[in-house]
Amino acid sequence: MAGGVVILLCGWVLASCHGSNLDVEEPIVFREDAASFGQTVVQFGGSRLVVGAPLEAVAVNQTGRLYDCAPATGMCQPIVLRSPLEAVNMSLGLSLVTATNNAQLLACGPTAQRACVKNMYAKGSCLLLGSSLQFIQAVPASMPECPRQEMDIAFLIDGSGSINQRDFAQMKDFVKALMGEFASTSTLFSLMQYSNILKTHFTFTEFKNILDPQSLVDPIVQLQGLTYTATGIRTVMEELFHSKNGSRKSAKKILLVITDGQKYRDPLEYSDVIPAADKAGIIRYAIGVGDAFQEPTALKELNTIGSAPPQDHVFKVGNFAALRSIQRQLQEKIFAIEGTQSRSSSSFQHEMSQEGFSSALTSDGPVLGAVGSFSWSGGAFLYPPNTRPTFINMSQENVDMRDSYLGYSTAVAFWKGVHSLILGAPRHQHTGKVVIFTQEARHWRPKSEVRGTQIGSYFGASLCSVDVDRDGSTDLVLIGAPHYYEQTRGGQVSVFPVPGVRGRWQCEATLHGEQGHPWGRFGVALTVLGDVNGDNLADVAIGAPGEEESRGAVYIFHGASRLEIMPSPSQRVTGSQLSLRLQYFGQSLSGGQDLTQDGLVDLAVGAQGHVLLLRSLPLLKVELSIRFAPMEVAKAVYQCWERTPTVLEAGEATVCLTVHKGSPDLLGNVQGSVRYDLALDPGRLISRAIFDETKNCTLTGRKTLGLGDHCETVKLLLPDCVEDAVSPIILRLNFSLVRDSASPRNLHPVLAVGSQDHITASLPFEKNCKQELLCEGDLGISFNFSGLQVLVVGGSPELTVTVTVWNEGEDSYGTLVKFYYPAGLSYRRVTGTQQPHQYPLRLACEAEPAAQEDLRSSSCSINHPIFREGAKTTFMITFDVSYKAFLGDRLLLRAKASSENNKPDTNKTAFQLELPVKYTVYTLISRQEDSTNHVNFSSSHGGRRQEAAHRYRVNNLSPLKLAVRVNFWVPVLLNGVAVWDVTLSSPAQGVSCVSQMKPPQNPDFLTQIQRRSVLDCSIADCLHFRCDIPSLDIQDELDFILRGNLSFGWVSQTLQEKVLLVSEAEITFDTSVYSQLPGQEAFLRAQVETTLEEYVVYEPIFLVAGSSVGGLLLLALITVVLYKLGFFKRQYKEMLDGKAADPVTAGQADFGCETPPYLVS
């Protein structure tokens, strides 16, 4: 357990706190009950916060209020402003922005409304305030007048005979009612009735000149007749919409056609008149009355009469009484046309612009984002002083920008003396877009643009230009996409370098919030914070108000060299850290100014109903140094030859910290509470030195340090004999600043970027050499094969080599033994032997990468780092021997000893030895089951023969092929009498077989065969077959057959009835090269036995003849005996005679005996 503690203590490294630069212990909190207080916030004038509450109901038709919040008091006061009377419900404070010189503030209310007749327009309005928050002017100076668009509306009513008088009267009432809705406007009316006759009832001039215009409708009488609709449309275009009849050139021209059916016998087609009406800009509304328009052809004709698209310009009602039901709908569409300033009835220009949705103050004047301009394509208005405003957009004809909300966010970039305007369009093509505009020849034109990648991400909803190196030129543009969705986090901010800096405008990095907040809305608010970590680079803050179930969070990202933003946040401040009541913390941000007058920048964060001011912490920069005395550990201290542990003093270490401010502030002599940790030999299992004060390898303390130099001296001890005296003792210092309640203004300092929070110093050992820096080692090496005489590849899986290394010179540093061996061997393990009264043997061996295909090497470090003077060690290194290895007939193993002393090689530092090599094989020969096992014979058959076969199979189960010889011995003669006329069938080509006769080993066959009834080559003359197989491949299988006719004349010499006929086979190979697998030698030989058994043959003719004669004689004898006994005498007559003498008996006998039962009826 003690060793484990040492590991934990000596390997411990304290992480220093560089990251937290904002104070979250004592924030300044501003709270108001006003609706949406904290929706926007801006630092202003270096001493105050201006907070927007855009939804607060200030008075009737007046929404939005600004608050002046003083950090010194923690109180907020409403700012009394006089909003323009015509700016109804403007939501003042929905956007706030200050000038770079803090001299002006622009507060906007983009929902400022104005009612024009029946329409309500949202133009927006802003207030420009001075340095004392006094009103300077409204931007724009006044709300625009209601559009005075003139309209000339002509009625073309159907007077054909298909309409009855009552319906015609209802149609006239509809005309009068519609005319009445446009009373007191600049709208003029005219009316023409058509059938096959066309009649103008009143012109625009007549309508204009009469006091009671509706009296013009009452005298109208129905014409009756056919339906010439197309002709009527052309007549209206040519006559009513003519200046002679009072039609105005500046007025929009609207034609209302009321009909109950299709045209009939009209000489004109619609194709003759509709294109001309479109060209003249006449907006046509077609009203179809009755059931006729249920037919597709009639409906198609009605759609042709109306302008495109039909859903906006064609109406159908079931009867004339229902015309009133569409009156309001038609009226609203016509009013909408009156409210627009375009030729199209379905698009707006600036009527719904919502100027001030975003804003910026530039040297050229205020810039107001106008998201609603041109059907929410968007843009921005620049208001130069004493000049008409300039509208900046992608051009109103750019259909690609429809519903893009360009101007949703606004930022200003400055590069090489040129101002650029950056506008966000988060709904562009549903993925978002950001465009940079620059001024060329007094015209603002798009220079670069970048598009979002995810649908619904709202890419471009927030923008922030960043001057990273604070040289006055914009380096980066941060683009927020707060609704960007990933499975575990929501929102992202893309970092784009300004195009003028690095060419193309493309994303350089992407910033994200913490995992686990898919609805976090990271990036909804962005601000430049200033330098809070002392690296002279601008840092940024990013809000994520949706994190932690909408409690919210703010992230701090530091600027980096090369004009970048660090990809990981340095600090994350959550709303729940500050107060459990906070909601949407981070929905608005403002930074860069010192509002608390401590010389340090502050960050203002808006939440729901709250604004919090977070102060940045003072920075300290610390320089570290360590000095040792003496500068190395003396030999007398660390060497102990008898290994008797003695605690000796190694020296002293003086640790110094020099503290000064990391950035200027107004806090005076800042003091910091420092926690420091000293560790000796960190990372080692066992430290070679300890501190005298703690008696272990670590020392921890805490001190309060002010500005200046601070030093402390510690004593170092060596508690044990030092084996590694080559690498120096490492002393590592780690320290961190911890919070101290006594800090000025309750601000505890943190380390500035670039400040040291750790230092490492080395204390070397004095070398044991005659020359001060160079030791003369004298190494020697030898080895043997641990008693092994022959290496059998495949039989010996391992090769163990016993190695002896000695040093007859001075200390040898980094002693290394390198072994070189063939590729069939591989390093497996090493085992050392410990000698008494010696240092523990330390071995570390490893295989090295192969430099040659057929050569391998391994190296062993001996007693690293020092193999001392006079030392000698013996160890055993074991190699695996591959069963597939081919090593030739001898294995050569070489070894070389070397060190870092750089002494030249000698004949003692290299050694080599050879070992004979054999290869394990596994070949076998076996008998086959289909050999002839048993033969019966009879000596009476004389020279009759029988065929017999002995079958053998040769297999090679070795991992290599080899040349073998197969020998067969077959008995063929016994005492000169033929036994077996045998031949050998060889298996394949390439196998050559020869034969020769071999005399018996023991000619006294009779004695031998009586002892054991076996006929083999020991008593018989044998035929010896010798078959050479030059290459028996791996897994080869060869069959040999000994086949021939057996003779049995020799059997009588054996005096045996049963004899075993035995053939033998044997495999041989070059035993100087190969060795049969141990324990498998029996499979190199085999034999086949055939049992020969004699039987006696009997003649069947004599047996049959004798049996027949004997049977006849026996039959005759039996017959004579029966005759003598009277067996053949008849007694029937005597029986009849006996029955006649007894009538009764005779009658009964007659009936019972003479009459068979089956004849009775």
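Each Cβ is built from the backbone N, Cα and C atoms, and glycine gets one as well.
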Given ranges 311-315, 466-470, 1126-1130, 1131-1135, the stretch to which Swiss-Prot attaches the annotation motif 'GFFKR motif': 1126-1130
Selected residue, Swiss-Prot feature N-linked glycosylation site, from candidates N784, N956: N784
Cross-link partner of C126 (disulfide, per Swiss-Prot) out of C108, C146: C108
Swiss-Prot annotation, disulfide partner among C69, C116 for C76: C69
